[in-house]
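In what follows, a single structure is set out as structure tokens and then discussed.
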Amino acid sequence: MDKQSKFRIKTFFKKIIFFLIIFCFFYFFNFIKKTKKITHTTQDKFFELLSKNKINKFIVLNKKKVSFTLNEKKSHLDSNNYNFFSKLHLSRYEFEIGDLQLFQKKIDFYKELYEINPNFEFKNYKIYTVLNFFYDYGFFLMIIIICWIFIFRKIASRSSESEFKFKIGKSKAKLYYYNNITFKDVAGLEGPKEEIKEIVDFLKSPNKYTKLGGKIPKGALLIGPPGTGKTLLAKAVAGEAQVPFFSLSGSDFVEMFVGVGASRVRDLFYIAKLKSPSIIFIDEIDAIGRARIKNNIPGGNDERENTLNKLLTEMDGFSTKTNVIVLAATNRYDVLDDALLRSGRFDRTIFIDLPSLKERKDIMKVHLKKIKFSKSIDLDFISRQIPGFSGADISNICNEAALLAARRNKVKVETKDFIDTIYRRIGGIEKKNILIKKNEKKRIAYHETGHAIISWIIEYAHSVFQITITPRGQSLGAAWYIPEERQITTEDQMKDEICTLLGGRAAEYLIFNNKSTGALNDLERITKQAQSMVKFFGLSSLGNISYFDSTGRNDFSLEKAYSEKTSEIIDKEINKIIKEQYKRALEILKKNYDKLIFLAEKLFKKEVLFKEDFASILD
């Protein structure tokens, strides 16, 4: 049950309690009134008391009955027994009068005889007060009120539903007038920031460009992998320009009702124009911007296409004086419609790549501002351990390292906390309680040592700095490397990487004269590497040809881009590359057989070896 439902139930019961209190209040006072003591007497007794002037007041009810109270004062009462309830229970006397005319004549006679002037009145109706009403009908009235509340709430909910039907076509964008995020909060991304700073300048001083005949860009498309800072960069644009910022996701346009998406697009741009200069940011625009189906296939998403068509017309229908800029982000650039990507809609396409080594260090510095860390922390070493990590990944690493240091009861976060967090992120949680047989443990030690020796010896392999046979995640051991930052990769570098990955299986075969299932991950990676060399990069005897589809639109096609004969050649080339590198790995390990035995036995005993442990031996 959500908080709003709990609040409604709590409010309803408060109302019930309130009505119960009111009912009990009236019931109590009416009960007090009805509990007054009534004494039946005679007419003779009445006139006897009247003659002594002891009657305070009497009332003739419906010409048949007389009700009176005595004129006794508090001093005449027993002071010892007098209390609040005694006062509530003052006696009231009643008697039947019979003939009314005879009774009136007798009253007049006593008035003249005893010279008294009694206080009396005639009432020809039943005494029925508000208290009597609540006493008689209060319970039923309370039930009616409760039912009325239920009905009213139902009508109100129906009314809100009907209002929802009218509001369903309205934009769901969140409007931010002021944003504290600036370009200083966006670490790295120096290239994209420089390109997008011009958009900020357009919003701040558009006349600077329009007076020369230039037109304000209508949109910019941010493209990059998840977590690279596309949304953060868009927020920084709004923060720098200090203009209204409309933020929503592409899926916010999509609804089960026909025509809602187009209506929301229309409403969004209408509001943005009223508040111009402004920025519209559409995250995950591929939800509505996918390429339209050329053939009329049954079951196609016509509603999404209608939404896209409306978005296209709104973006292309901008006036140059509206100062409304559309920013959109996606990690599926390949599936977007060509009409959306053309100039005049998204005039600029900004690619945001995964951060480089320097950018990773800058991102870590931003996230470390809120963390207490040791001054001896090695940011360069940590940054080298996380190639391919996005800004979101680095943020998570910093946070997890702080949590790990807290669990270890440390005052500050140290380098070891970061490294252990990275290992956990890449390899999984360390499994200290898993039982491994001695012969299996020895095989794992030789497997990991084989990786380390080959990566140390061959030229283009990544530098190894630690090997371990401690189970972690789904692996029983691991060799950790410091990857080299590369923008392009040569054929020799790719072959060296394959050779390093085959070093583990080669070491097993060399020592135990058989193979095991422990090389599954290695085999998967080398197969993909060899496939990419042959099919995509043209690094084989097949020639300078590539079957790579950068658009990604033929992923589900049943037709291959090459013949069956070419497919056989590709398979042979892949197999040839892998066999050559496996043979090469065996030769390297045979030449370093003694070192392999020594390091593997040492790893078997210690379970973890660092660069310092095997550097002197391998050098």
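Using N, Cα and C of the backbone, Cβ positions are placed for all residues, glycine too.
Over in Swiss-Prot, the protein carries these features:
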type: TOPO_DOM; residues: 1-11; note: topological domain 'Cytoplasmic'
type: TRANSMEM; residues: 12-32; note: transmembrane segment
type: TOPO_DOM; residues: 33-131; note: topological domain 'Periplasmic'
type: TRANSMEM; residues: 132-152; note: transmembrane segment
type: TOPO_DOM; residues: 153-619; note: topological domain 'Cytoplasmic'
type: BINDING; residues: Gly224, Pro225, Pro226, Gly227, Thr228, Gly229, Lys230, Thr231; note: ATP binding site
type: BINDING; residues: His447, His451, Asp522; note: Zn(2+) binding site
type: ACT_SITE; residues: Glu448; note: active site
Candidate nearest Thr228 (ATP binding site) in space, where candidates are the recorded positions His447, Glu448, His451, Asp522 and distance is Cα-Cα: Asp522
Using Cα positions only, nearest of the recorded positions to Pro225 (ATP binding site) (His447, Glu448, His451, Asp522): Asp522
Mapped DSSP class for Pro226 (ATP binding site), helix or strand or coil: coil
Shell of the Zn(2+) site beyond His447, His451, Asp522, same chain only (C-beta within 8 angstroms of their C-beta centre): Glu448, Gly450, Ala479, Leu501, Leu502, Gly503, Gly504, Arg505, Ala507, Gly518, Ala519
Cα-nearest neighbour of Gly224 (ATP binding site) within the listed recorded positions, His447, Glu448, His451, Asp522: Asp522
Near-site residues: ATP, ref Gly224, Pro225, Pro226, Gly227, Thr228, Gly229, Lys230, Thr231, CB cutoff 8 A to centroid: Ala329, Asn331, Ile352, Ser390, Gly391, Ala392
Candidate nearest Lys230 (ATP binding site) in space, where candidates are the recorded positions His447, Glu448, His451, Asp522 and distance is Cα-Cα: Asp522
Chain-internal residues near Gly227 (ATP binding site), provided their CB is under 8 angstroms and they sit 6+ positions away: Ser390, Gly391, Ala392, Asp393
Using Cα positions only, nearest of the recorded positions to Pro226 (ATP binding site) (His447, Glu448, His451, Asp522): Asp522
Surrounding CB atoms that lie within 10 Å of the CB of Asp522 (Zn(2+) binding site), all protein chains: 18
Among Gly229, Thr231, Glu448, which are recorded as recorded positions, the nearest neighbour of Asp522 (Zn(2+) binding site) by Cα: Glu448
Alpha-carbon spacing, Glu448 (active site) to Thr231 (ATP binding site), which is rounded to whole Å: 41
Pairwise Cα distance for Thr231 (ATP binding site)/His451 (Zn(2+) binding site) [Å, integer]: 40
Mean predicted confidence [pLDDT] for the topological domain 'Periplasmic' (33-131): 69
